[in-house]
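Undergrad: Here it is: the structure, laid out below.
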């Protein structure tokens, strides 16, 4: 992820929540809540049930860099809204954005998420959620969901969003944090220092205690942190952090952050590291290896961020500490270990934090064993220093070692000697190291992880053999794969190709981590994974060698091997810190470069294990530290270094070698100090180091082993050279500058004279020379530089910006300043005299700044003594590692306070070269193209910048035009030269050779093996003198070191970059020639010194050196340009030219934006190709007609033969204003002109298509004929309309009715979405028809009728309708930010044709290409816009929906269709037709906008699409009114064009200048020499009643053979300005245009949305039988209280029921009850439309569609308790089974079963004129099987609304009880409700069954009473 862009962009994450399945819980109301990123959250609507359907679209907008967006986490939480929020979670799922972005198309399409509860220990699934989620950036298209809709309905397991073959398990990440080290100071130490001074604090270095660290561990949004260890920078936590998760997880980043605890305010981050989960785990898919869970360590992880130095005021680089951007400094390291454990079911969860046990702490100690490492860095050069900084030194550090500001580590030779840079005479500065170059050495101690880096280097070296990869170098060395490609291209010998393949696949053996001290479990697993990958690659490579016969196949396989090797090359446990090189000025860090340690690591085992830059010269480019992704520092180069680096263990230091011819020397130095006493004067104060704090007498120095002294102690004035340039040299070049000024139109007058430091002096005689020196010559003008013949260089007034003022060699009328350089040599005549006082430098105190000239207040002075050591003959370069013992200081003699720790100074190491080589670089800069615009106007003379220049004696206001004037600066080593400035262009042609003489101090073999690039930087120079950076590029020079070799360089296009922004190209080549080798004697050196302004330095033309005999002859100088005497690119290198013709069709300009607050009224066009140009005439009034009256122009020029060198075509639009002003108001650059190159037109060419078009039609695409089966049933006319045709065309047969069976033509789907068989059939038809072509005319059916999936103009056949003219967007200026494109300025309409001409001008030229061009007058047209529907609109309301409506806009005309908004829909069906009267080309842009209707406030714009009507009108495809497939005069789609097909055919013949069509009959005609017959087109077609006349049909078929646009519907994306280039939905429409000159068009199509009709379903329930008994009476009888329910699907809230047939004892029932169901039905779709509000507060009703289904259920009525369901029957109204007339034949076979089998005829109830009456079976489902449960006798019919009025009928038996009249049912007497008829209950229930028992009981009772009375009355 380190390669991800840090550019801040607009992104939209589009999430569609489709449905859920198998959710746990009953009677739930699920709702989905989605949390995205930091603070965005959205929820869906509430649904019901365990399988809810949402189909809701949620959109999340982000303005972030892709690198930041990658780590954002998406959390899907599905909650039960019935419960309290604390217990509402059903299940959740987490996913990071990076995982989505890595998918094809950056999307997961219709994937199931496995929902789990993180708090559930059983880890059981809680359900599944189906989603589609995609990440959309600028230009990305949302995925197409239609392809997978039918395939993924039930395949949950195969479409589950988890890694393949893995199931989610509960796991725990255990991060063991042992400790940290090297943490920087984070708190102010003022309070502790005060405590120390008053005796309350402990003595010692307090910086170690100024940090209170703790570590935080973040994964998937969960966070754990350690305890806080206060006041230590070496904390030991020894703590385990446990984080529960579901594994495998869809999140991929573990984030570790060390923070400093603050008592007040937020905690400060110290450093952040991100560990990719995929790098420390494996799924086992790689090379069929065994997978393993995430594992890490024990190992150190390094933290990087801002510089370590503490600042009380805060730092702008603090964002680097939280992972934003690339850290520029080492911030510390921590020892951690990550262990993943799978939790057992029912196990106790681990605590969030707990201490590590002692045994584990003891085991980890072995991973902390340290080994000594040596780092040696030699500096070859330091150039391209951007600013004239003072006291520059370079520091090298690894980790904390070598940091000069850190007191915790010992002193090291980690910094170079401070020095001032030298100006190179053009733009940059460099360090004047010449023959003595510094070497830095740092000793450090780290754990031995070399085995990890060896394996990493081996794999990277293997990859490097295939492709070129160079850290710090912008080079493109030819890799082996590139070489193999070249062999294949030139068709080389097969044996040579095979040997190249074998060499590429040569893979070495990996080092084994087993047995290594620091090896851990992850090392062994990664090693095993790499071995398996290597084995797999070797097996495949072996098979490739034996069986591969195609070189391209081999290249593809090798590229695959390369990707797999790169994948396993990553080392996650690289604990060796990076090497950081800092440029420091005045003890302030300026710029840095990070070099990975493994790149320079040395290995004693194998050369393949060494880093690729170990002991090899490499060029590194420093960077400014910044955390701002938009900062200009990203493209500014502060300096460039060329270094040689070596890193190895101290045990291997004897193998150290730079392989250089230079001699390593060491200089011991000490400073003699003296103090000034008022009476005594200067008194000696001893010898100290440079700080004055450590005593360093000369006796403290001794020669270590391997070294010997070379001479005695000498005074050295290298530090004094910072202030005085005359020390230590025999020849010095003094310079001065003479300035003059003038007023515009005036004469030049003297202004001032300055010395080389740009300090003003009275005159030249005031420049005095020191004692012992004399002038060698007089003051002369330096003309050996970029100046005119008198040495002057010119500029506009100085803006006081040092280093930014550019001087030009050409005098302009507005130049107000000029200067020239005066030089004079001085020579040392008495070296002793000059050394008498040399070396002293003065200061007030030892801690203040020293200077060379004594002042009155100076109290101390010092001078430097040095003594040189050289290596003995027996010792080699490794002797530098013995220098640690060269200085012995008595600790008791240390000065200052005791608490301060002093760093013992170290000797300075240099490599000295005795030889100097003279090199000659030639840079051939030919031209540039498409350079990056830098001004707000972006080209010449557009914007006026008013600059007032005030002189002390006059106020003159000068108006300066800001131009775009590119200049190239070429830098190589320490030299920089520049080209001439090209005026007013972004496509300059310099045609210049820059010749640079270079003195090279160094090893030529190093230069030949690792030659640095030639750096080219492009600047824009305005006439104020300032330079603005436009971009840079680099190229390899061709080395000409062998006198016998003579190879010619070849020009190449080099890509210019400005940070991450493309900046055009320059065509250039370079060659480096070795002139001679020299032995150094005396060399004139540049003036250096302490300066505020840059010192101009230009080499003297002569070299003071002794030349050896190996001198090479210089190549012939290139020719000079005749006007300015500048060397051109010589022949043989410059492109070859040929005579070329260019034809321009300049049609007009459109949409010109205002410029300088004024509208563009009178434009003209300037077109440039190379050095030739044409200017058009002026358009008099842009508002009346923006076309040119004369559009055709012709030009001849000499242009390059090779397309590679062809110059860009520059189109500039100028506005002709008053007073002769002609500013450029817009421009367009065409860099690829190949598409406009054609062969010369033949002598007698006549384009069949007209307009001189060069489009060649490739074949005949005739229509595909499909067999149509005869249908026995009748097609209802009300079921066919235009929508039927549309839905049938896109395959939605359910919405099309019986249109397919009608035989009418379709709008076929785009060829990209058809199946392969259709494509083959189409190609066969094309081939067949192409056989019928004859000379003079091609019979071509150009395309079919299509429903296009994108815009019409983007179809491959139409090519943006650019066959006649093309549209070029014009731009001006640059964006406000660097990553913005220039401002849109307008459009240019036109095209070009380029073809070669005979070289002999006496030969006739070929005929012109553009002929028969139509007039450029204004055209009036009638436009009809048919807007069909929209889908996937961006939601605008809080409910996740929108209320869209349409707005049409053309120019000032508006149509707002706000009243017809579609409520609560993201996929609205508009069905609207709009008509406008327009004038082309003024009203050419048709804007179709979609808005969201709002009750309160302004309406929100969803998006818009723009259609260019002019291009469609002018195209040869006649995109006015699309041609249908057949000619119909009636039906849903009658002919709607202005003229009939026969008239259009005659018009076509006149247009093509053919004869009139000759008709033989109505079915045969001759056109253009070809005969057409109607039978050939309608041979297999079924006749249709809607067809028109035969001759019109035949004419239409002929017209369709010409280029045309067939009947179509196009799908256009909608865009919104706030989110540019991100789709906000799609709109389906088509546009018809009718020019008024051809008459009135036909009637428009009726595409209004279908409106349902009112229908009534009348159903009479007569009787039922065999109903199962559901109840048992109190007396034991089985019975049922039967009643029926009925409703139409979707209208459940309007269900009806009969009365109750009580006490049915035999299952029969009598009802005579009528149901009347009113419903809205759409016959074309065969759907019932139900409109209702979703909520009480909803403003509008939502329409839902249901199939017309009659539902009838039988229920048992219960007085107490719920009613019981008995059985049912479901009857689809449009496909229902016929009833039975007799009850005994009524069985389940009469209704369709699960498979659709039915023995009864299926009927459409809408087609029945009489009611259906009979018996239908009732059934119920038991265990998935239907069982018959009764029979129903009923009659059913459907009547329209009119019939309902004519023949009314009441519900039940209510009035009007007619049609038919229903009598009360004749039910048995036992049918009654017992609670409402108690007497009937006694009679029919009790008396009927128990009357004899009752009578018997009564008789017994009477008898008993009689007996009782008898006994009672008996006496």
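Placed from the backbone N, Cα and C atoms, the Cβ positions cover glycine too.
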Undergrad: Can you identify, from 1163-1199, 1200-1236, 1237-1273, the stretch that TrEMBL calls region 'Disordered'?
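TA: Result: 1237-1273 is the stretch TrEMBL calls region 'Disordered'.
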Undergrad: Looking at 1821-1841, 1842-1862, 1863-1883, which stretch does TrEMBL describe as region 'Disordered'?
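TA: Region 'Disordered', as annotated by TrEMBL, spans 1842-1862.
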Undergrad: Please find, within the list 96-117, 118-139, 140-161, the residue stretch that TrEMBL describes as region 'Disordered'.
TA: 140-161
Undergrad: Helix, strand, coil residue numbers for the compositional bias 'Basic and acidic residues' (1852-1862) per DSSP?
TA: 0 helix, 1 strand, 10 coil
Undergrad: Under 8 Å for C-beta pairs, could you tell me which stretch among 1-113, 1118-1248, 1637-1787 has the largest tally with the domain 'C2' (1403-1522)?
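TA: Answer, by Cβ pair count: 1118-1248.
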Undergrad: Summarise the domain 'C2' (1-113) by DSSP state, stating how many residues are helix, strand and coil.
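TA: Reading the DSSP string over the domain 'C2' (1-113) gives 15 helix, 61 strand, 37 coil.
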Undergrad: Which numbers of helix, strand and coil residues does DSSP report for the domain 'C2' (1118-1248)?
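TA: Secondary-structure composition of the domain 'C2' (1118-1248): 9 helix, 54 strand, 68 coil.
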